[in-house]
Amino acid sequence: MNFLRNRLVVLGLVLLATLLLYLLLPSIRQGSMEPSLEAQRMGLMLPGDPPLFFREALPVDGAGRQILLQVVLLHGQAFTSKTWEELGTMALLATNGYQALAMDLPGSTEISNTVCPGRVVSIMTWQGTDPTLKSILLNSHTDVVPVYQEHWKYDAFSAFKDAEGNIYARGSQDMKCVTIQYIQAVRRLKAEGRKLMRTVHLMFVPDEEVGGHKGMETFVKHPEFQKLNIGFALDEGLANPGEAFTVFYGERNPWWITIHCPGSPGHGSRFVENTAAEKLRQVINSFLDFREKEKHRLNTSECFTLGDVTTVNMTMVKGGVAYNVIPAEMDVSFDLRIPPTVNLQEFERQIKDWCKEAGEDVTYEFAQKHMNQNVTSTEENDPWWIAFSSACKAMNLTLEKEIFPAATDSRFIRAVGIPAIGFSPMNRTPILLHDHNEYLNEQVFLKGISVFERLISALASVPASPDEA
């Protein structure tokens, strides 16, 4: 009986929504508003058991103000939110000034429609005058790392601005600043009535700070990502303490490796042969000797930046159960960051040799092993680089090209063949990402909006390439 009553309630809601559409749609003047900025939430799950899934289309008027008229589409087993989207119903509503929300009731949508359970990717699209051309992606991540509040001058999440205009907040450099600058730059361009040739997508992704495995790494394989037809991407960079602005065209590959050293156990009072600790010492010496060589190369005529060398850091050591028991196995873990100039196969062979030299049965395993060595062209004849660098030159910005020393979501974008530049317009700023008292000066922040205005306009105006014509 309850089941029948619930079905009748749902049917009543659908009929009511249909009646409202019938009464209201004729009163909207055709063509009076264009959905020039469309927001989509891909795979957004509302909490609950079972959860609710919905798709959303937002209209925006010419001045950039969101229209607040709303239509909710409810349905059961026959229809899903994807059906409304494919039929063009949501686009029709948005064109006529409505905020359209299509909600899947529990049980009507497959979990596979989500990018990753519990992870949301949001996309805002500004359609270009020629949407057949490859688009421009402005990517940013929404997550931040934790803080040790006791080491901060001010509340790390209060965005406190001091007398010098420094805004203290977690994410002020990494990378809420760039996210806001993207949005404000697009807002300004639209307010000026600008029409860009190429479509521009603003993408907000999760999970970057913990590896991106449930964020960008997964999403680049998703059909919704492929439909964006991206030709070039901007993502985060780093601050520069000097006058110049740093531009990152590639990244080092992170390898997280654990070496397992088995050995003979025994009582702690004896000289036992072939112990795990002896093998462990040999392994550590091999890795740290190599570390010293790479450290020496840094700041020489051969290498000028951290991204040019391989960093090696011992991060974990495990083994033993008691003071008087010689352990049967000891493990040591390293964080390696390898530039794209290194032959990765040869480097792994070197690791195998170090393990063999350490003793019998020493093995290794990877917790993370990235092999992508794609870099973005900064050649003077590359059309994307011409647009980027020329816009910077017109603003009298000095650029310093580097390999990013750590890892960002750009590596996943480059891995699928899309050129990407890491760029955060923050000069005269100490590098404080993930640090205590992370801050960004308000004048540097505001200038960055103007910088992105010029860059977005330039990149979205790159002429069609032969394969696009």
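Don't overthink the numbers, they just go from 1 along the chain as shown.
Using N, Cα and C of the backbone, Cβ positions are placed for all residues, glycine too.
Between the candidates Asp155, Asp162, Asp174, Asp382, TrEMBL assigns the Zn(2+) 2 site shared with Glu209, His434 to Asp174.
Among the candidates His141, His201, His260, His267, the one that TrEMBL lists alongside Asp174, Glu236 as binding Zn(2+) 1 is His141. In this structure, the binding-site residues His141, His434 were compared by how many other Cβ atoms lie within 10 Å of their Cβ, and the smallest count belongs to His434.
The Cβ of Asp143 (active site) has Pro206, Asp207, Glu208, Glu209, Val210 as same-chain neighbours under 8 Å, each 6 or more residues away in sequence. When the recorded positions Asp174, Glu208, Glu209, Glu236 are compared by the number of other CB atoms within 10 angstroms of each CB, Glu209 has the fewest. A Cβ within 8 Å of the Cβ centre of Asp174, Glu209, His434, the residues given for Zn(2+) 2, is found for these other residues of the same chain: Val144, Val145, Gly171, Met175, Leu433.
Sitting within 8 Å of the Cβ centre of His141, Asp174, Glu236, and not among those site residues for Zn(2+) 1, are the Cβ atoms of Ser140, Gly171, Met175, Val178, Glu208, Glu209, Asp235, Thr408, Ser424, Leu433. Counting only the Cα atoms, the space from Glu236 (Zn(2+) 1 binding site) to His434 (Zn(2+) 2 binding site) is about 14 angstrom.
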